[in-house]
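First comes the structure, then the notes that go with it.
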Amino acid sequence: MYVMKQNGWVELICGSMFSGKSEELIRRVRRATYAHINVRVYKPAIDDRYDDKAIVSHDGTSTMARPIHDAVEILEDVDNNVEIVGIDEVQFFDNNVVDVIEELADRGIRVIVAGLDLDFRGEPFEPVPKIMALAESVTKLNAICPICGSPASRTQRLIDGKPASYNDPIILVGASESYEPRCRHHHEVPFRPENNFATKSWDALKS
């Protein structure tokens, strides 16, 4: 364990859906609030699944949040009294959010960010990989695969109960009616391009 001697850093909480990302963000925000630290929390306006003015975890815990359409709005809203900024569902913002997060941390603000590191295809979900590279602290959470009980690092999108095609839009806001966690081996994406390198390497090993 190390001690931060300077104010201003970035903490990323990432993982699949239903892994507890929002719950962990809420927990950290509440601890700061109990300590009378000035906190502001933001969420993308597109995410109105449970409450349009709060972050609500899948288990029902919540904290108030300001819905925004563009991450730049955070810089316009945060004043010199704010000590911590929380941002949920960061994958719904464009890459400008990376610059916003860096600016906040450089100002001496502790920035706590939560989001999906992989999209429903099982591919890196920008801008989270960039934030991961810049963050001082990264917490990666897993859910539980309902098929086998293994740690679930992927998010399975379901359309009428069937796996969504690789060619579907990347962003589709939903909860348990559209998504469930899956492990690597039970994550299904029809029409996903084959990993030719892996296939050739495996074939070479078998021959």
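Placement of Cβ uses the backbone N, Cα and C atoms for every residue, glycine included.
Database features, via Swiss-Prot:
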BINDING   GLY15, SER16, MET17, PHE18, SER19, GLY20, LYS21, SER22, ASP88, GLU89, VAL90, GLN91  ATP binding site
ACT_SITE  GLU89  active site, proton acceptor
BINDING   CYS145, CYS148, CYS183, HIS186  Zn(2+) binding site
GLU89, CYS145, CYS148, CYS183, HIS186 filtered to the recorded positions whose C-alpha is within 10 Å of GLY15 (ATP binding site):
none
Long-range same-chain neighbours of MET17 (ATP binding site), Cβ under 8 Å, sequence gap at least 6?
LEU116, ALA143, THR155, TYR179, GLU180, PRO181
Hey, how far is LYS21 (ATP binding site) from GLU89 (active site, proton acceptor), Cα to Cα, in Å?
9
Return the member of SER19, ASP88, GLU89, VAL90 nearest to HIS186 (Zn(2+) binding site) in space, with distance defined Cα to Cα and candidates limited to these recorded positions.
SER19
Of SER19, ASP88, GLU89, which is closest to CYS148 (Zn(2+) binding site) if I measure between C-alpha atoms? They're all recorded positions.
SER19
Would you mind pulling the DSSP three-state label for GLY15 (ATP binding site)?
strand
Pairwise Cα distance maximum in Å, ATP-binding residues per record: GLY15, SER16, MET17, PHE18, SER19, GLY20, LYS21, SER22, ASP88, GLU89, VAL90, GLN91:
16
Which chain-mates of ASP88 (ATP binding site) that are at least 6 residues away have a CB under 8 A from its CB, listed by sequence?
LYS21, SER22, LEU25, VAL41, TYR42, LYS43, PRO44, ASP47, ILE55, ALA65, ALA114, GLY115
